[in-house]
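The feature region 'Disordered' is assigned by Swiss-Prot to 1-37, 201-290, 315-506. Residues or ranges marked as compositional bias 'Pro residues' in Swiss-Prot: 7-29. The domain 'Doublecortin' annotation in Swiss-Prot covers 97-183 and rests on sequence analysis. What Swiss-Prot lists as compositional bias 'Low complexity' is 201-218. Here Swiss-Prot flags 332-345, 352-400, 425-434, 457-496 as compositional bias 'Basic and acidic residues'. Look at Swiss-Prot and you will find 514-771 tagged as domain 'Protein kinase', backed by sequence analysis. The annotation ATP binding site is assigned in Swiss-Prot to Ile520, Gly521, Asp522, Gly523, Asn524, Phe525, Ala526, Thr527, Val528, Lys543. Marked as active site, proton acceptor by Swiss-Prot: Asp635.
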Amino acid sequence: MPAAPVLRPPPPPATPAPPAPSRPAPPIPGHRGPCDHSLKCLSSKISERKLPGPWLPAGRGPLEKPVLGPRGAVMPLFSPQSSLHSVRAEHSPLKPRVVTVVKLGGQPLRKATLLLNRRSVQTFEQLLSDISEALGFPRWKNDRVRKLFTLKGREVKSVSDFFREGDAFIAMGKEPLTLKSIQLAMEELYPKNRALALAPHSRVPSPRLRSRLPSKLLKGSHRCGEAGSYSAEMESKAVSRHQGKTSTVLAPEDKARAQKWVRGKQESEPGGPPSPGAATQEETHASGEKHLGVEIEKTSGEIVRCEKCKRERELQLGLQREPCPLGTSELDLGRAQKRDSEKLVRTKSCRRPSEAKSTDGEEGWKGDSHRGSPRDPPQELRRPNSNSDKKEIRGSESQDSHPQGAPKAQKDLVEGPPAVEEGPIDMRREDRHTCRSKHAAWLRREQQAEPPQLPRTRGEEKQAEHEKKPGGLGERRAPEKESKRKLEEKRPERPSGRKPRPKGIISADVEKHYDIGGVIGDGNFATVKECRHRETKQAYAMKMIDKSQLKGKEDIVDSEILIIQSLSHPNIVKLHEVYETEAEIYLIMEYVQGGDLFDAIVENVKFPEPEAAVMITDLCKALVHMHDKNIVHRDVKPENLLVQRNEDKSITLKLADFGLAKYVVRPIFTVCGTPTYVAPEILSEKGYGLEVDMWAAGVILYILLCGFPPFRSPERDQDELFNIIQVGQFEFLSPYWDNISDAAKDLVRNLLEVDPKKRYTAEQVLQHPWIEMVGHTNTGNSQKEESPNS
């Protein structure tokens with residue numbers, strides 16, 4: 001009897017060793033794992049996992065920087081048991097990273113590149129502050145960086161989010177992030193990418209692309225950028241890209257449908273036009289509907305009968321097979337279904353050749369070049385890019401001023417407060433023109449919302465018709481015509497209808513009449529130089545405005561010229577002449593040699609009551625003249641008050657800089673000005689008028705008497721400052737106000753009144769006892785000093 005075999009216990013399963021960081025674990029014999037290829041071949045086999053962004057295209061042209069995945073690194077699709085690391089070492093949070101941040105809101109956009117380390121960043125607030133400083137927006141400015149977004153529109157809310165979200169970010173202030181903002185940021189970051197240039201003009205995907213997308217996505221039940229309940233299905237049908245080629249995993253019904261369409265197409269190609277079966281199948285892909293194309297023909301009531309329509313049908317099918325960038329948003333997919341079905345029905349109708357050429361979208365392109373060279377982009381694709389880019393620039397301006405639902409928006413402008421565009425409210429002197437340049441959009445909107453033009457007399461109509469005749473634009477107007485034209489330009493209802501400035505005058509003509517000297521001031525898009533007339537030797541200030549930096553802000557200069565020409569007062573800077581060339585605009589203005597009041601305050605700190613009374617008197621006289629014409633300055637501050645030193649050693653203030661001035665025909669809701677001098681009704685956004693200038697006059701009077709402003713934030717926090725201003729909380733601190741008269745304090749209280757209806761007007765200030773007593777006393781003393789000299 002044979003011996004029974006000895007039963008040996010099975011060997012215990014080998015405990016898998018922990019994966020070494022530098023080398024992968026050896027593969028198990030007989031098992032084919034994902035790591036049995038060489039590492040050189042492995043890089044070409046890996047498919048990258050990237051969540052689809054809301055619109056980010058994936059064109060053939062390489063980006064200058066790789067747009068990384070949601071965690072800031074390229075993650076191969078390995079199983080969790082694989083010993084290969086899924087995150088590259090160079091994207092480790094511990095290693096310093098170079099990031100690029102784009103700040104939107106101005107032209108040109110601000111872009112900064114920073115080298116950041118995770119260990120050096122303590123808090124997210126510190127990170128935002130550092131980025132804001134690098135972009136040129138200190139933390140006390142109103143348009144500082146408040147939020148960070150990724151290129152996919154996801155908000156960064158913590159330091160850890162920032163260090164795993166990629167290498168490029170979008171910085172925003174209080175304004176919301178829009179799809180247009182993301183597009184502008186992408187064009188700034190990757191200006192040479194062809195896919196970005198084509199993406200805004202190819203939002204409707206081709207039927208071939210639509211057939212690759214999941215059916216649920218085409219129905220519009222899910223969003224493209226969300227990871228919802230269908231994430232497992234999306235992974236099974238994921239679209240993987242490698243070296244510009246697209247491999248797709250289709251559902252069984254979609255694959256059968258595509259194979260049937262390919263067989264029908266191959267059978268129809270030798271004979272000419274595609275077969276009706278193939279055409280109807282293609283229609284099913286294009287429209288994304290369940291019924292067949294034959295049913296579409298029946299419901300449309302039109303049948304393909306002529307050869308011309310067959311050729312157009314073939315042309316349409318050839319266009320539909322063209323690839324489209326994969327960055328089309330899901331909202332556009334939903335809108336494209338109805339539009340594509342309408343195009344198919346319209347293509348079947350028997351049209352004349354002239355009508356066939358007028359089709360829109362892709363039907364307007366020629367299909368022969370598409371079929372002849374499907375891989376190389378034809379010239380017809382490149383040509384619309386330059387034109388469409390120009391249209392896009394104009395469109396962005398029109399979108400700012402005319403959003404969707406234009407009638408309703410215009411009604412809102414008249415009846416209620418519009419959406420406030422945050423503009424910089426700067427208290428530094430070198431940036432005094434920033435607020436004006438940032439608010440060009442709302443200036444245009446408000447000017448467009450002005451009331452209709454007042455009826456003109458017959459004489460004015462004849463004069464206007466005579467000036468519209470050809471040949472009168474390039475000639476010099478007579479002084480009488482100039483005065484009549486200025487009278488017409490005083491009307492607030494015609495800010496953009498001002499007669500054109502003299503044309504055909506080049507820079508040499510300006511230099512022919514004036515000797516141009518050195519620079520005495522500058523702003524965002526203008527430089528002020530001293531000049532002297534060659535014949536009269538009279539000194540003037542020449543404001544030279546660069547038109548290349550003024551694109552989209554022309555109305556600001558036109559409004560400023562219009563208002564200055566309508567004003568004539570000894571306490572207001574006069575405009576002498578206006579010249580315009582192809583490159584620049586020249587404003588020849590009165591030259592005040594004593595500097596501005598800001599310099600005088602820095603030099604003297606504070607002024608005696610008589611001198612302060614004279615300065616406030618000059619300011620209020622100018623404001624009386626302006627307010628009588630319903631013109632509000634909106635930027636009254638020491639920097640805009642020029643000091644003229646007279647021969648009798650007295651001074652005269654002249655109001656200047658009318659870039660924010662505006663005719664008041666209804667309450668204004670635009671937030672603008674300078675923080676220290678801004679009125680509370682501007683901040684409350686409930687509508688304001690002429691009274692805001694008097695609040696600023698009260699702040700200036702307070703500074704003249706004690707040397708510091710009435711409203712201050714110890715931490716220089718602008719939000720805190722605005723809250724203090726809205727409450728109207730100020731006090732006469734001791735010992736600075738101990739020697740100031742009660743009459744002066746009473747005038748300050750009446751000017752710094754929160755209620756605009758109770759606030760003093762300019763005429764009431766001139767009638768105040770302190771002004772009449774102290775101001776006249778100072779004037780009498782100056783006259784007595786002048787009499788012995790004479």
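Every residue gets a Cβ built from N, Cα and C, even glycine.
Keep in mind that what you see is a predicted model, and the values were worked out from it rather than measured.
In the domain 'Doublecortin' (97-183), the DSSP tally of helix, strand and coil residues is 20 helix, 25 strand, 42 coil.
Between the CA atoms of Ile520 (ATP binding site) and the residue listed as 'active site, proton acceptor' there is a gap of 20 Å. Ranking the recorded positions Asp522, Asp635 by other CB atoms within 10 A of the CB puts Asp522 at the bottom. The two recorded residues the residue listed as 'active site, proton acceptor' and Asp522 (ATP binding site) have their Cα atoms spaced 17 Å from each other. Taking a C-beta cut-off of under 8 Å and a sequence gap of six or more, Val528 (ATP binding site) has these contacts in its own chain: Val519, Ile520, Gly521, Asp522, Ala541, Met542, Lys543, Met544. Within 10 Å of the C-beta of Ile520 (ATP binding site) we count 15 further C-beta atoms, all protein chains included. Counting every protein chain shown, the number of other Cβ atoms lying within 10 Å of the Cβ of Ala526 (ATP binding site) is 21. According to DSSP, Val528 (ATP binding site) sits within a strand segment.
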